[in-house]
Amino acid sequence: MGLPKLKLPRANADRAYKDEPDPRPSDAVLRQSANGDDGLVDTKIPFLTFRSFSMCVVISMGGFLFGYDTGQISGFLEMEDFLQRYGEQRADGTYYFSNVRSGLIVALVLTYIWAIILGFGISMFPESPRHDYRKGKVDKAISTLAKMYGVPKNHRALAIEFDEIKQKYEEEVARGQVSWIQLFKAPRMAYRVAVGVALQALQQLTGANYFFYYGTTIFQGAGIENSYVTQMILGAVNFGSTFLGLYLIENYGRRRSLIAGALWMFCCFIVFASVGHFSLNRDDPPSTKTAGVVMVVFACLFILAFASTWGPMVWTIIAELYPSEYRARAMSLATASNWLWNFLLAFFTPFITSAIDFRYGYVFAGCLFLAAGLVYFAVMEGKGRTLEEIDTMYVWKVKPWHSSKYVFPETEPSIMEKRRASHASNPSTNPTTIDDNHETTV
């Protein structure tokens, strides 16, 4: 049995989680002044490229660790020597296990190194400002925002975003505990869940794991003498291209990067599949080395596009897609979709390729074309937007292809206009102030 739910007045909603007095009005730090007067400052917001880059490197270490593990498992399982040492057959037909185990031990030890780096890096991260605010740690939330923006704690941009966080939190508390049924009944949430599930499915259907899981077998069939070296090259391209994604998402946004990446991979798979089916001599691959080289080149170009766009960016989109009260459940469904299609591709790929050979690439090409359309028609642009603004655009049914330039219809300048104005060199002559209830007045 559960306790009955209490519906609290909106004004007292943010006291629901604590019996003690609400600590949130203690955010006096926002009232500090830069020149001795109460109010906010309008200094230029710096672009913390190096700090953001460093944080992204640590975060991406988890994906690198997962990719490394997957590569090791996939590679070893395809190696003849590895299989023989786990069940080598004598001349009399009996099997025995080799005493040589050093290669496997080295691979496992290397895994611990990356895990330690990941664990240490994550421990240095602060909690999100929204999490701190929900726990009543207002000063800490403001401090984190100030570090993210690289500005004083009484900067105007912080006050604007803080008001957004406060407003969204009060709406969440007023709605009460969220159930699975409410997840699909909430405004535009069923639509967003479907978008997230489709994005994660299409990330797998890009065909990246076709190369990562079966690369050695693929390139052996393409006539490459040392397919393991080719697989190592693909891994190096995958690792290096991930850093390119940081530049693309910051300068070109989510939508353009994902659409361009999908179309790029579409072209790569068309060439790869066409050369593999029409030009490669599959009965004697070494006799058509040029075709094999072309296939390797376009496989590398494919990995370059995937690792810099659909590999990391889909996870960014999923994190921005849902409001905080629904995020855990909605992201779990999207992630389940990712793993489901991961399994299906890994399981059925050998059977499909044995039936249609390299024409399998046309299947992935079709999925990539569909992925570009999904992003264009269903995904909002999140570059330069707060989570609250993205949520509002979905609820208001803003056309996704207009989202990058969308301006909120307010009587006063929109939130984004205020934030952009804070970059100006001349501060406002009519500063904003914040009262004890966090209300902003001009």
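In case you wondered, yes, glycine gets a Cβ from its N, Cα and C as well.
Here the structure is a predicted model, which means the values were calculated and not measured.
Straight from TrEMBL, the features:
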- 12-25: compositional bias 'Basic and acidic residues' (COMPBIAS)
- 423-434: compositional bias 'Polar residues' (COMPBIAS)
- 1-383: domain 'Major facilitator superfamily (MFS) profile' (DOMAIN)
- 1-35: region 'Disordered' (REGION)
- 418-442: region 'Disordered' (REGION)
- 48-68: transmembrane segment (TRANSMEM)
- 104-125: transmembrane segment (TRANSMEM)
- 189-212: transmembrane segment (TRANSMEM)
- 232-249: transmembrane segment (TRANSMEM)
- 261-280: transmembrane segment (TRANSMEM)
- 292-318: transmembrane segment (TRANSMEM)
- 339-356: transmembrane segment (TRANSMEM)
- 362-379: transmembrane segment (TRANSMEM)
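Remark: the transmembrane segment (232-249) contacts the transmembrane segment (292-318), by the rule of 3 or more CB pairs under 8 A. The transmembrane segment (362-379) makes contact with the transmembrane segment (261-280): 3 or more of their CB pairs lie within 8 A, with pairs spaced 6 or more apart in sequence. Long-range contacts of the transmembrane segment (339-356) within the same chain, counting only residues at least 6 positions beyond its ends with a Cβ under 8 Å from a Cβ of the stretch, are 200-201, 204-205, 209-210, 213-214, 363. Mean pLDDT, taken over the domain 'Major facilitator superfamily (MFS) profile' (1-383), works out to 75 on the 0 to 100 scale.
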